[in-house]
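Structure record follows, encoded as structure tokens.
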Amino acid sequence: MLADEVLELLSAEISPNEYEYYIKQLKFNEKASSDETVVFNAPNELIAKFIKTKYATKIAHLFEVKTGTKPNVEITTQTKLKSSKQNQVNIKQIKAQSTLLNPAYTFENFVVGGSNEYAFLSAKAASEQPGKIYNPLFIYGPTGLGKTHLLQSVGNFCLNQGKVVICVTSEQFMTDFTYNINNHSMERFREKYRNCDVLLIDDVQFLGKTDKIQEEFFHTFNELHSKNGQIVMTSDRQPKLLKGFEDRLRTRFEWGIMADITPPELDTKIAIIQKKCEFDKIYLNKDVINYIATNMGDNIREIESAIINLNAYANLMRQEITLDFAKNVMRDLIKEKRENINLENIIEVVSKELNIKPSDIKSKSRVQNIVEARRIVIYLAKMLTTNSMPQIANYFSMKDHSAVSHNIKKINELIENNEIFNLRVSELKNKILTKG
């Protein structure tokens, strides 16, 4: 069939993940199509909107390549309902689609590592058995580490199971509440939030601002939980540290499972970058990937944004993304991070991680593990701060900058010859960038 041939052509131009998650779900609607218009059915409005925005023009072009005529391409979700049971399912899906779910966020494209494995497994279990023992699920951790990705993965999984899913930020919950209060329509508000199968609240920490919001959310939580509705929340801190919240809410947040996400290890960051490149069909060599992973800190959103900007600049300049090219394009980003880092920051992290007193690192002790820690600090200070070698030498009361060069040389030799040592230094660098 011509439509299948066109989609097969499209698969060669996009990443395998994009094809699998979006294009493969399209069904050619032969009855609704004509010579001028080609119609595809998508499983839901979210996917239809996404494909229409990103791929419709490309699909039309490929039809033109095959036939010599460029048709209009329509992506729709309209299907004939064969039974009242099917009708009920579709009504559920339509209700669920008034959410913030992004179909790009799935469990399949979430990169799992030691820093997020427990949160990942908890979210997956909550999706597979909603309203059971993982209820509520409270995922917490610093900004940009993947909490929203997991939250929306729960939503997309449950949506595909025919569940009614409501996914909002705490700000949208508050805006919705205020609007319905002012318009005397709280019955509609409660119908929406208390009769869903799955309620997802992103950044729940902001709900502690007013007593009225807390009161409403308290009753929403109770009613949903009593009906075995699944509740998943994300926050930047664990429940007992939430400010402004009543104890009765904090206690309820702890009823189910609390799962934290911590900054990713270096190998997890590398895997995340590789996954992003695979999804967006961006080629970065190993050196560039390692450079980004070790210099961009832990905020995944910032890392992904940096990759997109780097690729866009390379395309505009028609340049290959070499390590030197990446360093040049990203120099301002890296410089900004380095300006926030000083020697005290580095000593604080290194002393804590290597279990050596800061005063020992600053001393002239020749004990082997202290010497090594001091050399690591010097190496990282040259790499991560704006300090010159004479300034570093002065800080450690060394004769001149040649002593700094000697210490850096020793660390470079160890990095080149000892993979475990190299990994340890990279992890230290990673923690400093995050803290800085």
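Heads up, residue numbers simply count up from 1 along the chain you see.
Heads up, the Cβ atoms here are built off N, Cα and C, so glycines get one too.
DSSP classifies Thr148 (ATP binding site) as helix under the three-state reduction. For Gly144, Gly146, Lys147, Thr148, the entry in Swiss-Prot reads ATP binding site, with the evidence type sequence analysis.
If you look up Swiss-Prot, you'll see 1-69 marked as region 'Domain I, interacts with DnaA modulators'. The residues of the region 'Domain I, interacts with DnaA modulators' (1-69), classed with DSSP into helix (H, G, I), strand (E, B) and coil, number 41 helix, 7 strand, 21 coil.
Here Swiss-Prot flags 69-99 as region 'Domain II'.
According to Swiss-Prot, the feature region 'Domain III, AAA+ region' maps to 100-314, an assignment based on sequence analysis.
Per Swiss-Prot, region 'Domain IV, binds dsDNA' is recorded for 315-436.
Minimal Cβ crowding within 10 Å, among the binding-site residues Gly144, Gly146, is found at Gly144.
The local packing around Lys147 (ATP binding site), expressed as other Cβ atoms within 10 Å of its Cβ over all shown chains, amounts to 25. Each residue of the region 'Domain IV, binds dsDNA' (315-436) gets a DSSP state, and the totals for helix, strand and coil are 94 helix, 0 strand, 28 coil. Other residues of the chain with a Cβ within 8 Å of the Cβ centroid of Gly144, Gly146, Lys147, Thr148, the ATP site, are Gly141, Thr143, Leu145, His149, Leu150, Thr234, Ile261, Ile300, Arg301.
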